[in-house]
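Visitor: Got a structure here, written out as structure tokens. Questions coming.
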């Protein structure tokens with residue numbers, strides 16, 4: 001059983017980006033984060049993304065707004081970032097206050113700066129297999145993990161557990177692309193699926209993105225499967241200082257011995273997500289340079 | 001074995017639309033067709049769509065351009081149709097001359113007038129399960145056929161053969177939606193799929209959209225399956241006047257006896273496609289009225 005080491009891979013990706021940028025002339029890529037309100041998780045996430053950006057040599061800026069900002073004002077702010085040629089990527093940190101419509105706000109980011117890949121346009125371009133599309137960082141991180149571990153996907157059966165807009169669906173679309181690193185037969189399962197374990201047992205590659213702790217049990221996985229665990233779930237753990245620990249969607253201890261390879265939680269896909277955000281920012285920068293020449 | 005009768009269903013849909021429009025006040029829905037060049041198939045298709053529109057009470061207009069029109073000029077023409085509030089739907093008949101980029105042209109149609117559902121925006125909105133999205137007419141016709149025959153999809157396994165942008169992918173996205181008429185487990189197979197018949201035999205509903213005559217043979221289908229045949233393939237037939245006949249992707253004579261229900265070719269999904277174009281035009285008209293009130 002091989003461990004799909006997200007820590008190692010993400011460091012590899014970040015080092016490559018850093019190296020690429022070391023030789024770059026002119027102003028570096030710049031990503032601007034937008035945070036509305038002071039949700040502690042959002043503060044933490046944006047902060048850790050900014051640290052990674054600094055590590056790589058990507059400039060990052062942070063714009064914070066009070067929860068009281070109207071959607072109209074926020075859209076105006078995004079509009080001026082869209083128009084600002086020194087900004088290559090824009091990321092609006094979710095969740096937004098309840099008086100806003102997240103889709104409208106995400107869609108207001110110019111497609112070529114939408115490094116989070118959440119806009120209608122980038123989802124559509126993913127369906128169209130447009131190589132310039134920005135793919136949401138988590139599914140992009142899964143695909144990159146599979147690719148870097150040289151796991152063959154062509155003609156193999158990828159089973160995706162979960163049909164969310166930010167993981168399940170884009171992951172399914174990624175693996176069915178006409179591309180040597182994709183070309184997989186793809187099945188999307190979810191809460192309504194009947195005979196679920198009958199399907200998951202057929203997976204060559206199983207992607208668990210259902211958001212339930214230890215949902216995937218040993219009987220659901222055939223020997224030799226590749227398992228990618230996307231879940232990040234808190235479970236009570238009185239023995240830990242915080243009183244909880246983070247587990248994935250896969251019952252790791254029981255499932256891992258049956259796998260050819262498996263990504264752990266933590267230390268797996270989660271770290272890939274941030275690395276792919278930097279990758280996407282780099283891509284936005286490169287595309288903007290291409291268009292200006 | 002029940003025949004999924006596209007002729008009957010499409011007439012039903014067209015009658016319903018006609019009835020709805022009989023009571024409507026003010027100018028009726030209007031769809032404008034754009035045809036570039038004189039490709040006989042295109043002439044035929046646009047003509048038959050216009051006839052169906054007239055039948056229902058939908059106004060249709062036809063704009064034809066010589067093959068020599070530049071893409072820029074065509075985009076300008078589409079731009080003025082976008083701005084024309086008397087036009088609710090715009091359909092650019094494919095194929096376009098080789099000096100044009102089809103995606104750019106399709107994307108120039110305003111999303112709210114894109115009754116063909118081919119634009120990046122409408123594909124993205126399909127992924128997002130936006131009820132105002134326009135879904136391409138063939139996959140929409142498949143879903144409508146399944147719905148009108150009261151075939152349950154929730155939790156059942158829909159296997160889609162083919163991953164094209166105009167049938168396979170949108171059909172897969174339709175059937176995995178969180179919707180009582182969807183909620184299916186969906187598998188997308190294609191030319192690279194291994195052990196194909198092992199997968200197709202697991203289908204509760206099999207959608208064949210692979211573009212190869214008689215591709216689906218009896219051994220690929222389990223007893224009791226619902227089969228929807230999307231193929232429209234010409235095969236030589238010296239006994240026919242034209243020298244050919246149209247067959248689907250399914251070997252109908254061998255497969256039909258095993259099925260719970262099957263759509264024939266011709267007389268199946270093909271007719272649903274035109275009906276759904278009228279449905280989409282009606283929807284565009286209704287949405288435009290809603291927005292003006």
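Glycine residues also receive a Cβ, built from the backbone N, Cα and C atoms like all the rest.
Keep in mind that this is a model prediction, so the values were computed, not measured.
If you look up TrEMBL, you'll see B:162, B:163, B:164, B:232 marked as NADP(+) binding site. As annotated by TrEMBL, domain 'Tetrahydrofolate dehydrogenase/cyclohydrolase catalytic' applies to B:4-116. Look at TrEMBL and you will find B:136-287 tagged as domain 'Tetrahydrofolate dehydrogenase/cyclohydrolase NAD(P)-binding'.
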Visitor: Let me make sure I understand the span of the NADP(+) site: among B:162, B:163, B:164, B:232, what is the greatest distance between any two Cα atoms, in Å?
Guide: 16
Visitor: When DSSP states are folded down to helix, strand and coil, where does residue B:162 (NADP(+) binding site) land?
Guide: coil
Visitor: Validating a neighbour-count step here. Other CB atoms within 10 A of the CB of residue B:163 (NADP(+) binding site): how many?
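Guide: There are 26 of them.
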Visitor: What three-state class does DSSP give residue B:232 (NADP(+) binding site)?
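Guide: Coil, per DSSP.
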Visitor: If proximity means a C-beta under 8 angstroms from chain A, which of B:162, B:163, B:164, B:232 count? These are the binding-site residues.
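Guide: From B:162, B:163, B:164, B:232, flagged as close to A: B:163.
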Visitor: Tally of helix, strand and coil residues over the domain 'Tetrahydrofolate dehydrogenase/cyclohydrolase catalytic' (B:4-116) according to DSSP?
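Guide: Secondary-structure composition of the domain 'Tetrahydrofolate dehydrogenase/cyclohydrolase catalytic' (B:4-116): 57 helix, 18 strand, 38 coil.
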Visitor: Averaged over the domain 'Tetrahydrofolate dehydrogenase/cyclohydrolase NAD(P)-binding' (B:136-287), what pLDDT does the predicted model reach?
Guide: 97
